[in-house]
Amino acid sequence: MAPLRVVITGGAGQIAYSLIPLIARGLVFGPDVKVHLRLLDIPPAANALAGVAMEVQDSLFSTALEGVLATTNEVEAFTGAQVAILLGGFPRRPGMERWDLIGKNAGIMKRMGELLETYASPNCKVVVVANPAQTNCYILSIYAPSLPRKNITSLSRLDHDRMIGMLLHEANSRLISASVSNGSECVRRLTAADVRGACIWGNHSNSQVPDVSAVEFFVDGRWVPIESVIPDRTWLGLSNSLPGGGNIGAGTEGSLVEAVRKRGAAVLAARKLSSAMSAANAIAEHLSDWLSPEKSGHSPAVSMGVTTDGNPFGVSEGIFSSLPVRCTLGGDWNYDEGFSMTDDVRRHLEASVVELEDEKATALEMLEKAEAAAGSVAGLVPRPSL
């Protein structure tokens, strides 16, 4: 069987550096799936990219890695690509507004879409990590019109995993403390497999909606509601103090919601570098649940940035948003229709959707201006009704 052709943009960057070993060891697509990596970066990063390729060679990866190509040639990298991991994008600089970032990356995503449309496999699977990720997916879908929209996804798994990690830390602290106080045997520590029902809704921004309203823990051989383990409703964002119940969107200082939304900034402040190890791990899990023969069709519901077309949650169509999905065999996914929203979650999701609609309109406007300035034919970029 021919190796799976995987292109990674931003191949000389931090996230790629942490992701490559996971792919090469068979932890993403499965140990029996051979992979040929194409690492793409911009010409100024050519030397760093060559260094990454040297390290890949020196690591003697043999589980899944069939070969690696480090290149600054976009066509070479995308030709025949069956999976595209889009890490590369313009970074947000000090003083830069989010709308400026959208404009910068809209042009980059336009080019990525053109490359996917012209050179990649017709059924290429895509995960967008560069921000603003969901809006970048929309731009890709315009410029790669032959690619099924369900094949274009964005990474919300990192936010999902951050929330699970915080829940586990709090739950285990409480369970162990209670065990010590009661003089009983130390309880088994909960792991990620002992949590279900969590979801990230909406945009990958401070408007995202981390939702634990349906979370359950597997404790003492049975699934129990989250509040039986973590009774602090205010920290969870389940406080009834607001009209209609709940304050999940408030992001109260010290709450889980605020912590999830601000985790990236906290890591950046501590490391002086953005999240890389956790981002790479989240990408690996996203792709593994979706595409690995061993995991697809067997994983629980997960948060993924996907097209909203035909969704059962009442989210307006024509955009991309983080929603709960179940991956199915053969590299497909379906909305998790059994996932219900509380009124409070729905209210705050609507605000996040408005932000996504605004980003979409801004990106289209900036692309139109750029094409007009370049002398393009007016109206080249379609503007669907918002």
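For all residues, glycine too, the Cβ spot is worked out from N, Cα and C.
According to TrEMBL, the domain 'Lactate/malate dehydrogenase N-terminal' annotation covers 5-152.
Cβ-based neighbour count (10 Å, all protein chains) for VAL129 (NAD(+) binding site) stands at 27. The NAD(+) binding site annotation in TrEMBL covers ASP41, ASN105, VAL129, ALA130, ASN131.
Residue density at ARG98 (substrate binding site): 14 other Cβ atoms are found within 10 A of its Cβ, drawing on all protein chains shown. The substrate binding site annotation in TrEMBL covers ARG92, ARG98, ASN131, ARG162.
The domain 'Lactate/malate dehydrogenase C-terminal' annotation in TrEMBL covers 193-365.
Counting only same-chain residues six or more apart in sequence, the Cβ atoms lying under 8 angstroms from the Cβ of HIS204 (active site, proton acceptor) belong to ASN131, PRO132, ALA133, GLN134, SER154, LEU155, SER156, ASP159, GLY305, SER322. What TrEMBL records for HIS204 is active site, proton acceptor.
Here TrEMBL flags 346-373 as coiled coil.
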ARG162 (substrate binding site) versus VAL129 (NAD(+) binding site) - Cα distance in angstrom: 16
Neighbourhood of ASN105 (NAD(+) binding site), C-beta criterion under 8 angstroms, separation at least six: GLY89, PHE90, ALA130, ASN131, PRO132, ASN136
C-alpha spacing of ASP41 (NAD(+) binding site) relative to ARG162 (substrate binding site), in angstrom: 28
Among ASP41, ASN131, which are binding-site residues, the residue with the most C-beta atoms within 10 angstroms of its C-beta: ASP41
Between ARG98 (substrate binding site) and ASP41 (NAD(+) binding site), the C-alpha gap once rounded to whole angstrom: 23
